[in-house]
Amino acid sequence: MMLLGASLYLNNTQEVSDEIDTANLYANWKMKYNRRYTSQRDEMYRFKVFSDNLNYIRAFQDSTESATYTLELNQFADMSQQEFASTYLSLRVPKTAKLNASNANFQYKGAEVDWTDNKKVKYPAVKNQGSCGSCWAFSAVGALEINTDIELNKKYELSEQDLVDCSGPYDNEGCNGGWMDSAFEYVADNGLAEAKDYPYTAKDGTCKTSVKRPYTHVQGFTDIDSCDELAQAIQERTVSVAVDANPWQFYRSGVLSKCTKNLNHGVVLVGVQADGAWKIRNSWGSSWGEAGHIRLAGGDTCGICAAPSFPILG
């Protein structure tokens, strides 16, 4: 193992010595991420979790999966998988949601599309949901911000907190989870505040009913029925998608292919490669993954084709 600059990245091509001083690596990691714990007991527990995660990444390096993507000791290295999932993977799929059947035979046959690198669009910086299960709000706002620029040539920085605090009547539950279509419904009925007027706090709050909500461009939403339709939709706009993000905890780079279709996280599809790999905008900050993004193997990987949708703008 070696430290590459400021990154605690485990190089796939390097043999990991059994003589590594895990305690020193842990100390470097804590310094990088400014971690301090409230008690010696908590410190010992977090070191144990860190060590377990280090061993998991070592084992991954020896597997065949490491040929297509890499892992690292990132900001989640002191969290167990259960803690990570309960904190960050809080998508609430409605019982009434119609999920598309998986299409194992889908193959993308188009050209590359990448809305993160398009001269017609001022691509917004990747945001960080923090320790709040508000992925659904960031997915909806991400699609709204980018698509409003693409389709209407208007630029906004919109408020996820407005959705967290105020869309409860639409069956969303703030930091305990929600659904992108429900967020689009809320915005269609009420408009949406700008971030400067309703800033993000990463916690549930009381709805600010008196705040101005100047964003009134949503007329509804469209649910996408298949991988084929998703591939067509990304040609013209970004798309909110639901995925299984359990295997994403330590993702660093490359094309991830192994996951289930248990939908637990809301993100934004922002591109597709010529080989069919999907490019995803996440909400865990720009230091996670590929500048805040992840690439998934083509087809219905991680359930990406199960429930895509996008807002209808006007």
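A Cβ is built for glycine as well, from the same backbone N, Cα and C atoms used for every other residue.
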> Based on what Swiss-Prot records, which one of Cys175, Cys207, Cys227 is disulphide-bonded to Cys132?
Replying inline: Cys175
>> Which one, Cys259, Cys305, is listed by Swiss-Prot as the other cysteine in the disulfide with Cys302?
In response: Cys259
> What is the nearest of the recorded positions Cys135, Cys166, Cys207, Asn282 to Cys259 (disulfide bond), using the Cα of each?
Replying inline: Asn282
> If you measure from the C-alpha of Cys135 (active site), which of the disulfide-bonded residues Cys166, Cys207, Cys302 fall inside 10 Å?
Replying inline: none
> Per 10 Å Cβ neighbour count, which of the recorded positions Cys132, Cys135, Cys166, Cys175, Cys259 ranks highest?
Replying inline: Cys135
> Counting every protein chain present, what is the number of Cβ atoms, excluding its own, within 10 Å of the Cβ of Cys302 (disulfide bond)?
Replying inline: 30
> Looking at the recorded positions Cys175, His265, Cys302, whose Cα is closest in space to that of Cys207 (disulfide bond)?
Replying inline: Cys175
> Taking DSSP three-state, what's Cys259 (disulfide bond) in: helix, strand or coil?
Replying inline: coil
